[in-house]
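First comes the structure, then the notes that go with it.
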Amino acid sequence: MPITEILPRAIAIPPMLRPDGAGAAVRARNLGRSFAGNRVLADLDLEVRPGEFLSIVGKSGCGKSTLLRLIAGLDQPSSGSIGVDGLPADRAGDRLRIMFQEPRLLPWATIAGNVAVGLRRGPDPEAVAEALASVQLADKADFWPAQLSGGQRQRAALARALVSHPGLLLLDEPLGALDALTRLTMQNLIRDMHDRAGFTAVLVTHDVAEAVALSDRIIVLGQGGILKETAILRVGPTRRGSPELAAIEAEILDAIFAA
Amino acid sequence: MSLAETLKVQRLAGWRPSLPQPAALLPYAVPAAILVLWEIAGAAGLIADTVMPRPSAILATAVRMTASGELLNHLGVSATRALAGLAVGGGIGFALGIANGVSRRSELLTDATLQMIRNIPHLALIPLVILWFGIGEGAKLFLVALGVFFPIYLNTLHGIRNVDPQLIEMGRAYGMNGRTLFRRIVLPGALPSIFVGLRYGLGIMWLTLIVAETLSASSGLGYMAMQAREFMILDVVVLAILLYAALGKLADTLTRALERRALKWSPAYANH
């Protein structure tokens, strides 16, 4: 049985059926970032459309994580500007959420308590329960993070990121530490949530197959800027491992290695 | 989750199956055996009562002194001194630990001085303290507070410094600032270390109090033991020593219970 049949993917909902204005737009202009005189990003222009799923790939140290941290407002650019819906990232509030490579759950809070961290305006048990149900963790609400598996913890982190219905979800290699099967399940979950909620997603990953499976567009980062840009048109359910996707994957890998 | 997975998670998290009932009594076996041997040796004349009175004699003394109210009086005085010293020294240590853990400026201002004072054995100050405070309550309070201060200060500072920076970054990314960040991430993250400091502090608290009461006091357990020594009432001396052991253990047990409640999220306490 091919793996796509074990792990069915929801049919992508056409953008016009999505709730209006659900996704935020990201715009970077002449973006630069140097660390101790070492230019990691230089004069980078990037635009992410509302509701788009964009992946950033590239070699280690190509600046993909730096770019994500700049979008998140966790780091400030050395030059140029970056904005989420026209606002600086640190003013985007709960419109912008980030998922890290580690779950980063508070060990002293229950899973429900951890999801509630994502809510700005006080506790809201209903919203928390809904978010937990959407990642299939409803029965784990009162567990401590230490009692969950790695995949479950990362799902709890996803629920925390999405409980406030953000317009932009930033993903910093969130599946890198998971085993291969759990990773596939998580990929489907993330893409499903994206298709249903309509948020904009920016994923940083070193796994090109993952980027191809999830994204509408992939950019290859290197030498401080964008080396290659590939749009992936999705009509109906995409089969993992189809010849078209394999060709795209090979093309992107070539671009990465050519850098 | 399958059973095998559950077991694996539990093992990784350091959980142990709970001990069956008889095993729970195991820690008491050695002390009980010592008491029995001691009693037998005393009764057989192997240990002279003038060197070491028998457990039964000590028990009788404890009953007699409890009935007269004398014992509880000394006990109450000692416990009050201990707790007052803990509250003052621990409170200041905790506050300075937090201030220096959070603020670089505060640390620069006070930490070097504190490290300097830390290297003076606080009991070496006894002659000076007696000159300052006489043998009043102030002397005991000062010594206990000084002794308790350092373990709590150092461990609070260490706990705050070692809060996972990734969690703090997460907190900031999720809109927490200053006060919220401290209450929800920094303080709970430092708590395990603060408890270590508290338990160290309790040990030093009793030690200091005993020494202080033995040298200069007119009431309290240490005074009771010193008076008894003057008149060669050996069973009271031994009773006082045993009470110190019991009080120390009681304080430790209470702290452990508090720790288990406060840190029940930690795998290290999950199955107790």
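Cβ atoms are placed via backbone N, Cα and C, with glycine included.
Remember, it's a predicted structure, so these values are computed and weren't measured experimentally.
Residues or ranges marked as transmembrane segment in TrEMBL: B:25-48 (among others).
The domain 'ABC transmembrane type-1' annotation in TrEMBL covers B:71-255.
Residues 110-111, 114, 140-141, 143-157, 159-161, 182, 186, 190, 194, 197-198, 201-202, 205-206, 208-209 of the same chain lie 6+ residues outside the transmembrane segment (B:82-103) yet bring a C-beta within less than 8 angstroms of a C-beta in it. According to TrEMBL, the transmembrane segment annotation covers B:82-103 (among others).
Sequence-distant contacts of the transmembrane segment (B:115-135), counting only residues of its own chain at least 6 positions beyond either end whose CB sits under 8 Å from a CB of the stretch, comprise 142-143, 146-147, 150, 154, 208, 211-212, 215-218. Residues or ranges marked as transmembrane segment in TrEMBL: B:115-135 (among others).
Taken from TrEMBL, the feature transmembrane segment covers B:141-160 (among others).
Below 8 angstroms of C-beta separation, residues 90, 93-94, 97, 101-102, 151-156, 158-160, 162-164, 167-168, 171-172, 255, 258-259, 262-263, 266 of the same chain, each at least six residues beyond the ends of the transmembrane segment (B:181-198), sit close to that stretch. According to TrEMBL, the feature transmembrane segment maps to B:181-198 (among others).
Sequence-distant neighbours of the transmembrane segment (B:204-224) (same chain, 6+ residues past either end, Cβ-Cβ under 8 Å): 70-71, 73-75, 77-78, 81-82, 85-86, 122-123, 126, 130, 134-135, 139-140, 143-144, 146-148, 151, 236, 240, 243-244, 247-248, 251. Here TrEMBL flags B:204-224 (among others) as transmembrane segment.
What TrEMBL lists as transmembrane segment is B:231-251 (among others).
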Positions on the same chain near the transmembrane segment (B:25-48), where near means CB under 8 A and six or more residues out: 54-56
